[in-house]
Amino acid sequence: MSKLTTGSFSIEDLESVQITINNVIGAAKEAADEKAKDLGPMGPSAWPGLATYRDDWNLKLLDRYEPVITPMCDQCCYCTYGPCDLSNNKRGACGIDMLGHNGREFFLRVITGTACHAAHGRHLLDHLIEVFGEDLPLKLGQSDVLTPNITITTGQRPMTLGEIKPAMEHTEEQLTQLLATVHAGQESAEIDYDSKALFSGSLDHVGMEISDIVQIAALDFPKADPEAPLIEMGVGTIDKEKPFLCVIGHNVGGVTYMMDYMEEHDLTGKMELGGLCCTAIDLTRYKEADRRAPYTKVIGSMSQELKIIRSGLPDVIVVDEQCVRGDIVPEAQKLGIPVIASNAKIMYGLPNRDEQDVDATIEELKSGAIPGAVILDYDKLGEISVRLTQEMHPLREAAGLRKIASDEQMKEWVDKCADCGSCYLVCPEELEIPEAMKHAKEGDYSYLVDLHDQCIGCRRCEQVCKKEIPILSVIEKASQKVIAEEKGWMRAGRGQVSDAEIRAEGLNLVMGTTPGIIAIIGCPNYGDGAKSVYYIAEEFLKRNFIVVGTGCGAMDMGMYKDENGQTLYERFPGGFQSGGLVNIGSCVSNAHITGAAQKVAGIFGGRTMEGNLAEIADYVLNRVGACGLAWGAFSQKASSIGTGCNIYGIPAVLGPHSSKYRRALISKNYDDEKWKVYDARSGEEMAIPPAPEFLLITAETWQEAIPMMAKACIRPSDNSMGRSIKLTHWMELHQKYIGGMPEDWWKFIRTEADLPLAKRAELMKKLEEEHGWEIDWKRKKIISGPKIKFDVSAQPTNLKRLCKGA
């Protein structure tokens, strides 16, 4: 009897047939395991479970980078025993303490983010297999290492859409196991919640990788293209005379049908299609592999959602999933904007119109009989959204709904202000709204204009205003001239970093001569406005760091211009190279950032990638200078993305609001025992500098964050030239933004060649006078003093099993 492993079959016109079905669910994994036998060397951790990485890697990280807990309150309200007071080392009725409770709270946010990306990947994978078939090849650019995160986790190297399914199933299976641990009466140790969070973070990067590679392959996105087209950005790029279809969310699956309908009916020049959040980024990637002239627009990040609705410009809004405001329907309804929900994860209580005739649905929405509809049938979605936009435009124009308030209405709002200060007290950014309103009463709106860029559009101020002033609308009305000029450029998301780019830059990164990789990712919950991200990126680009971006961070970097009127994307090349600005893509493209570091270990370092997370992460931690920045992190996805970076040894700096995630990972840089590793050549212990000194930390200002990130790119394996370059940048940036010399700069000196060249003599004098080091001034050499010996051939590792003779 033949055995069916995967695929499908049909039986017709047969009698007395017996069908035996055994392990259907595991069939895909069995087939993948059979194929894996031909792949070559395999690491020890393929198909990991909750405990797989715990002792071999996670606890080693957590021993050096100890969790620092920042509780939001002293109570646990998790079950009906509670609420329980956990202050002063008390335990709850179930036995859990404050550490365990907060470990669980942080972990819950990480697995929520992981589930969000995994569900995104599952939706796209199933949809694209249905459309293109399982045999569609994964063409992602000129690379052999196509799926580093999948390969490290499962040991597999999928080459088609269908071959991704086992990795998807494994991620979903482990998410179920992880979710089970948050139930009352399960895990209670904070350290094990942290270990599980790290594991969940690694799975998050698998889910993101699946999400992006399937859409790159099937939807003809740019494929590791450093010259991907430049895309127009900003509200000012929207032609107000044309119908405007606005899309919001992260899943581009349905949007491609709108674009297809527009192209088939020659409408691309007759109406505007633009978006917010990552759907905006991905719609500008659709069919851009051949660098065709783009016609879609990026409006901005999540902080712009309510602002664009209040402007009255959208004629129809289509939402899909993730980072979409919960008040879009009532806000849009005030201005006669129909809302279409195109994904089952956000349905807003709207009626489903999948089974209704297209014309009837358009008429129902156009008449205002319903505020919106759920349309999950993508063919209908494409037609209805485009046609409805064209029909709504003249109706809303005639009704005066496509513009913000009149000057008279503005004056009436401003004059109502009682200067009570309630708006200031609830503003998460502590904006000086009362002060701005006071000046506005005197006819000076400039103070309101200054608030526009810093305002995150949350509307908390409006909800406490006793005079019911629509404060966000007041700010936006005052800023109309500025908004009309909001025009930037962003390079379309290019996808992965190619193997060739890794080979070209790998040596420079490992030796330290390219100072490091700065990854600017995450949400727009900035403490001081979006321009801070621009300043940070510009500073590192001018210093020849590689700056990579995704999502809201990638958008906001492109919204500001220099004195010559150029954006960063116009000023700097798009390749993964020293001084390059690389827009990887949307949020799910973050997997390619960790993937780039993993490729350095696999391609340049020659490490086995298959099922070998600990060894790859160990290589990155000790050798690859990289630091992430999630300056406006707000979501659960941001916590899972950052935690996935952390397990691979990549530190991340978060903005001032991020202490609300409840956990940081910070080392004791003064404890020499924490800064010892093995030399793989002999197995002997060797001292290393405290680098990087954190894995997850918050900064109060962008000026504080910059030197912190430069320092976080120092690695134990830097050669002398690389160490000198990195110390030069760190010390100069510390002087520029903090003032003075860093207190611990001397800990990173192994030999006089490590010292910044321009200040070598001055620093040697400080080492002699302030730290008691012995200097031979005739030869200008350090004779004694450093605790760390320099050996260019040393092989630092945290894993005893990698040592010779182990």
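Even glycines carry a Cβ here, placed using N, Cα and C.
Going by what Swiss-Prot states, the [4Fe-4S] cluster 3 site holds CYS417, CYS420, CYS423, and the candidate of CYS323, CYS465, CYS523 recorded there is CYS465. What surrounds the [Ni-4Fe-4S] cluster site, by Cβ distance within 8 Å of the Cβ centroid and not counting HIS250, CYS278, CYS323, CYS523, CYS552, CYS587, is the set CYS277, SER301, MET302, GLN322, GLY551, SER586, SER635, LYS637 from the same chain. Same-chain residues that are not part of CYS76, CYS79, CYS84, CYS94 yet have a Cβ within 8 Å of the Cβ center of the [4Fe-4S] cluster 2 site turn out to be CYS77, TYR78, TYR81, GLY82, PRO83, GLY92, ALA93, ILE96, HIS101, ALA184. The number of other Cβ atoms within 10 Å of the Cβ belonging to CYS427 ([4Fe-4S] cluster 4 binding site), over all protein chains shown, comes to 20. Residue counts for the domain '4Fe-4S ferredoxin-type 1' (407-436) under DSSP (helix as H, G, I; strand as E, B; rest coil) come to 19 helix, 0 strand, 11 coil. When the binding-site residues HIS117, HIS250, CYS278, CYS323, CYS523 are screened for a C-alpha within 10 angstroms of the C-alpha of CYS84 ([4Fe-4S] cluster 2 binding site), no residue qualifies.
Contacts of CYS523 ([Ni-4Fe-4S] cluster binding site) defined by a Cβ separation under 8 A and a same-chain sequence distance of 6+ are given as SER301, MET302, CYS323, GLY551, CYS552, ALA630, GLY632, ALA633, PHE634, SER635, ALA638, in order along the sequence.
The [4Fe-4S] cluster 4 site, placed at the center of the C-beta atoms of CYS427, CYS455, CYS458, CYS461, has further neighbours from the same chain whose C-beta lies within 8 angstroms: CYS423, VAL426, PRO428, GLU429, LEU431, ILE433, ILE456, GLY457, ARG459, ARG460, ILE471, LEU472. Comparing Cα positions, HIS117 (CO binding site) lies closest to HIS250 out of the binding-site residues CYS73, CYS76, CYS79, HIS250, CYS458. For CYS465 ([4Fe-4S] cluster 3 binding site), the same-chain residues lying six or more positions away in sequence with a CB closer than 8 A to its CB are SER422, CYS423, ILE471.
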